[in-house]
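Student: Here it is: the structure, laid out below.
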Amino acid sequence: MSHFKLLAKQVRFRVIMWLIILCGMSVGFAPVFDGLYSTEEELRSIEATLDNPAMVALIGPLPDAAYTTAVSFSHQMLLFMALLHGIFGILIANSVGRKAEDDGLTEYLISGGVSKRTLYANQVMLGVLINLIAFVINYAGLSLLGLESFNNEGNLLYSAGLALFGMLFYMLTLFFGAILSSADLTFGISLSILVIMFLYRAVTDVADMAYSVISPYNWLTRMYPYAENDFTWLLPFLLVAVFAAAGWFLFSRRDLGGAYLKGRGDRRTRNIGSYPGLALRNMRTMIISWLAGMFVIGLTYGSIFGDLEEMISGNEMLSAAVEAGAIDDPVMFFVNMILIITTVITAIPAVMIIGRVLREENSARLEVVDSGTLESRFSRTRVLVTHWMISLAVALLGMVLTTLGMHLASMNVDDIGVTLGDYMLASLNYFTAVAAAVGIGVLLLGLSNGLFKVIWLYVGYMFFVAYLGNLVELPEILHMATPFHYLENVPVNEMDWVSAGGVFIAAVLLFAAGLFLYRKRDLG
């Protein structure tokens, strides 16, 4: 069996699952938009709703062309789908790249006669193949639907943009895998860039779109599929070739298992007296990076609050909506939407911390410490409880730092009407949603180590419902599957302690059930 076939065999189930989800969402939601916005009145209404700073930050600027059903579909779906395609590319590239090297598989292949050149070329070819398949499925699916206003150029541009975006982050991950010292660090840095670029585009699209050009998300929005169909903005994705060449240059010149940027593992002290101390030390870089990032996110969003009133007053449709009472307070509306989105972002490091238990299990380290062969034995229960407590602490601190950043950056904004106490209550309120996601992750981990990956689909689902749920009028039952459905919109509304407490109790019960199952099942 050739190395390329071996790579494809290793990831085929994950790739098939992701392609079904990604392409199913793009192709499946197109008829939904055609049914939702089938009249001129409905299209004008949704266009007015989206023409405000909050929605520009979330889904990008409106095109100047007529707002047809196809334009509405592309406008509302493109950035969200790009985020998912980016995650897809990162996960697959990290799996066949740095993780395979960390696990010793790459060393076996090279000792068996596979050259470094062949190894890297096959990794690149795999990325090209899976993104080409995604392009073909999306393009063919949208074309075969034959929906009105979904023209051929728009279908081609929408599909090509998503495929190239996924390929960009696939190659970026291989590039970081050649530089960094571990698969975890490679995944964390690549995912951080994916999220930071989204947030950067969100802020600059509202403040000054000229600065957004740095972000790959902005390249997608400037294509305006089904409207202007500007193929010029596919050219920046030639950066894929740059990362491919740079990754090969770096990978070919270092030793296997080596890194240009190494962690501080060699300087680690040996006087760690407890497992919580060991766990914190192993995860400190990731935790500090995410917490710093959350604070910067808060500062970034808070810095544009002062411009919202001016932007709103210059928007006739939005001003009319405010005067008519359709939107009570547009600034508070924006604050609440940002809080919900940052809550989902905070769930990422929280779930990653729980995922470290799976890493310990798969490496057989957990079996050693649980078997009593060590002088100071600690049980798998203690390991899971420790990671759960660290996860919740990071989630709460992340929410607090985000809202603190928003408060500090908006202190000089007059009449915003949100105090530091309001922000802290919002942090506590939405923290319970993160706790619920963590609880579901522990439950999946307790059922099977293979099922834990499903939690990432749930986090993506939470983001989708919060991001587009109201716009595409999802059924109420789909909203009920996320914790946001049960929480008040703080600080827009008063804190509902009963609802927040109920969500947190449910999160604890999910954790308890997962812990019970985890203690009963076999390791590995």
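Even glycines carry a Cβ here, placed using N, Cα and C.
Where the annotation comes from TrEMBL, it is an automatic prediction and has not been curated.
The structure displayed is predicted, hence computed values, not measured ones.
Per TrEMBL, transmembrane segment is recorded for 12-33, 77-97, 118-137, 157-178, 185-203, 231-251, 287-306, 333-355, 384-408, 428-447, 454-472, 497-518.
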Student: Please figure out which one of 77-97, 118-137, 157-178, 231-251 racks up the most CB pairs under 8 Å against the transmembrane segment (185-203).
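Tutor: Result: 77-97.
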Student: Can you work out which residues elsewhere in the same chain, 6+ from the ends of the transmembrane segment (428-447), have a Cβ less than 8 Å from its Cβ atoms?
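Tutor: Long-range Cβ neighbours of the transmembrane segment (428-447): 339-340, 343, 346-347, 350-351, 354-355, 357-358, 384, 388, 391-392, 395-396, 399, 454-455, 458-459, 462, 482-484, 487-488, 490, 495, 500-501, 503-504, 506-511, 513-518, 521.
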Student: In the same chain, who gets a Cβ under 8 Å from the transmembrane segment (77-97) while lying at least 6 residues past its ends?
Tutor: 7, 10-11, 14-15, 18, 21-22, 25-26, 29, 58-60, 123, 126-127, 130-131, 134, 158, 161-163, 165-174, 177, 183, 186-187, 190-191, 194, 198, 201, 216-217, 220-221, 225, 456, 460, 463-464, 467-468
Student: For the transmembrane segment (384-408), I need the partner stretch with the highest count of C-beta pairs below 8 angstroms, choosing only from 157-178, 287-306, 333-355.
Tutor: 287-306
